[in-house]
Structure formats: structure tokens, C-alpha cells
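Chemist: Take this structure, written in C-alpha cells, and hold onto it; I'll ask about it next.
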Amino acid sequence: MELNGKKKLHALSLAEKIQVLEMLDESKMSQSEVARRFQVSQPQISRICKNKEKLLADWCSGTANRERKRKRESKYSSIDEALLCWFHIARTKMWDVTGPMLLQKAKELADIMGQEFVPSIGWLVRWKRRNNVCFGQRHPARAVHAPEPPCDKVPAPASLSLPQLLKDFAPENVFGCGEVVLLYKAMPGREREGRERLCVVLCVNGSGTEKRKPVVIGRRLAPRCFFGVNTEALPVLYRSSADGQLTQELFSEWLTDFDREMGRQHRSVALVLDAERRCPNPEPANIRLVFLPPRPRHDDGPSPCPLHPDIVRDFKSRYKRRLLGKVSSIGSETNSSPASIAASITVLDALHMVAAAWDKVQPSLVERCFGEAGCSKGKGSLGPPSHAPPRGMSLEEFRRFVDVETELACPPALPPAGTYKEEEEEEGEGEDLFGSLPTKADALKALGTLRRWFECNGSAEGVFQQFYSCEEEVERLCCQ
């Protein structure tokens, strides 16, 4: 019997608070039931509901630390806001802002406001952390558009004058960014049944040596499968929007983070975008935006793409091969149909398969694609990447399956919540003299448990890539 009746304080992070709101909105659970599930008190759940609008605003802003459990406001909030406003003005003017300069400016602002305040190094560190401020050499950059070709020509990507626009950048400093629509649980022959989709934003440099972490966009703010997951440790970034598309706000958030990272590395890079993407305000300081021209009016074909179609097709083929392998390996040990197994694939499952597929795209393919498009000095002509079809499918069937998103004009759909459950292994006949050996179902279940442990506890950089290779080998052995 415990002598101390005090309960251990359990504070929820911003991500967990959003999960609480999702659970209350989508289910019939009471506040007390949700409190028991998250191991907190009912009054804490009540306070979360009371602050719903503010929590959702912090979540959607993209600047809040989503794993932070308490948000402590600065004692000198007016000085904080004034200094942040001055800092943004200094960035737009390309000033080289330093720590001592900020300390001096903070003191000047405090004197103007009539407050007795002496800024310290510790205060400056906390101010930078609160406002996601980082220093770095500022490089002037300007958004430019590739000139639109004459109307009597239907240009190939190599004739868009990109070499002239990018002549000052080495291939490793030229990035292409594109969006990929992915029916993440569709199966061959049943594509119209698995219409839940995700938008995947891919970005890579011209030499193929630097792949940005994919951004996956869905419609749900915090899917149930994220319960207990440390989303910051995932190998992809998950964001949400009302229509499941890359909005201008999400793009600006991603571009700002990209710009800050390039500033920390003292790099000036170019980013090739499609014509439909609007230029953010203010423009990034370390990234030169190059917009492809819009499609000519008389041309009914697709608009020029900043990410080569063969890179997109290679990524999608790797994802769908992995999806088929997962469904096949689970089906080999259960009585469930492939369609029912695929329908139970969660958004979290899809995020890991996206990361695995993107990691397998070869740098040599990326380099040749950029060279063919005129974005870098890649050598050699390029044809469509050839992948041997999975077992039981012809090459033409697999190609149609990979390109199914372009053939089906499907509206975004909400994915049903749920996870697949593996059926218990039936008892084998006969007596095992050496004890119970692990079955294929045990191996698959152990992989899911290990991945879940990594997700919830964080892991060293690169461990997910090693895990994916292990997972692929287990699934291959299960299908033998």
C-alpha cells in the first residue's frame, strides 16, 4: 500500500493534446475515459478542451515545438515581440545579424519602452529557441522565372533555358521539388476501392547526394495510429490540410526550415519549382527560386515538372513493390484476403514505406534526370527505369499499377482508422524436440513491436534505414 497518496504529474505534449481533441471529436468517449487512456486527470482534459482554439493555432503555425509540454511566456513579452519584428526587418535587408547586436537592440527597445531590463546570453538563447531564430551568413537571393518559349514551339524540358539560369550553381546546390499523389493502400485490379490518398513532397539535389526528408500531407490532423508516437523521430514530416494538398502555408513553412538549414551551412542554393507555386513573402535569403514557365495554351500535355517524371515513377514503383511485399508476407500467414490486409494499412505504415522507397532511389538516376532536364551537368541519355515486375504480374500490369494515380482522377478521401492484426499461428502437428521455434508470424509481429519502440522512444539517425533492410529480408523469407 502506498503511503504517499500524491499522483505523479503527467504533462501532455502539444502533439498529444491534439490527439486528445481528435479522440473527443471523432469518438463517443467521455473526458474521463480519455483521461484514463492518457493517464492524466479529467480536469487536465477539460483544460485542453477549453484551450482548443489556441492549441490548434499553435499546431498549425508550424513554429511551435510539438513535443514541448509546457509553454512558459517570457516576462518581457513586449520586448520579445519588438525584437522579433526588428529581426525580420534585418533579414529582409540582408543585414549580418549577430548575438551582440541583438543584445544591444533588446536593451535599446527596453529603454524606449521604459522597462528596466538587462538582456543576458541566457535570455538570448531562450528567445532564439522560442522564436525558432538561427544565425547564418545571409546570401542575397531572388526569385526568377524561366522565360516562356515562343508559342509556335512545344519545348522539351531541356529547352527551358535552365542552364543559363543555373550556371552559377554546382549540381549539388541545385534542388528540384515536386508533389506526388499516392494511393497508399490501392491494390492491383482494385484501385477504385483503395482511394485513400496522401500527397508526398519530394526534394533532391542535382547530384542525387542530398535527399530532403519527404513531407507527407494528409487530411487528418493527428491520425489515431500516431498515439504515443514521437513524430519528431519519424523519417518523414507529416502535415495536414483540409484537402490533403500542399497549401501555400505548408509550403512556406517547409521553405523557411530549408532556408534556415542552408543558412547554418553557409550555402546559397537554387530551387526549381513549378509555375503554379507562388513566391513567398518575404523571399528566402539563402535559396534562389526558379519557376518553370506555365504550359503553353495550345499544349494539352502536362505542365513542365521540376522533378523529373522518371524520378517520380521510380519512387512510386519502389513504394508499391514494398506495399505488395507487405501484403503478401502477411497474407502468407493469415486467412485474410489481400484487399482486406491492404485496407488495414495505416498512415503510419505508409510513412515508413514512403521513407524506405525514397531512400532506395539511386543518385545515378537523379543525376542523369537533372542532366537531361538541363538543371545540372549530368551525362548520358535516359530512358524509363526498368523494374522487374513482382511475382504474378506482367511488366505492363505493374506499370499500369504504378501509374494508376494519373489514370484515376480521384478526390481526396478520409482513410479509415485501424491497424492490421495478425492471426495467431495454429498449433503445428507433431512434437518439437527442441522447444517452440519462432514462426513467420512471430517474426512479423516482432518487427512491428521493434518499429513501434523506435517510434515512441526516438533513435539515432539512420536506424530506420537499417530497420527497413531487415524488414524487407524478413518479408522475403516469409514469402518463400
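Placement of Cβ uses the backbone N, Cα and C atoms for every residue, glycine included.
As annotated in TrEMBL:
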- 31-51: DNA-binding region (DNA_BIND)
- 422-432: compositional bias 'Acidic residues' (COMPBIAS)
- 3-55: domain 'HTH psq-type' (DOMAIN)
- 67-137: domain 'HTH CENPB-type' (DOMAIN)
- 413-435: region 'Disordered' (REGION)
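Show me how these features fit into the structure around them.
Modeler: Break the DNA-binding region (31-51) down by DSSP state and the numbers are 17 helix, 0 strand, 4 coil.
In the predicted structure, the domain 'HTH CENPB-type' (67-137) carries a mean pLDDT of 77.
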Chemist: In the domain 'HTH psq-type' (3-55), how many residues does DSSP call helix, how many strand, and how many coil?
Modeler: 34 helix, 0 strand, 19 coil
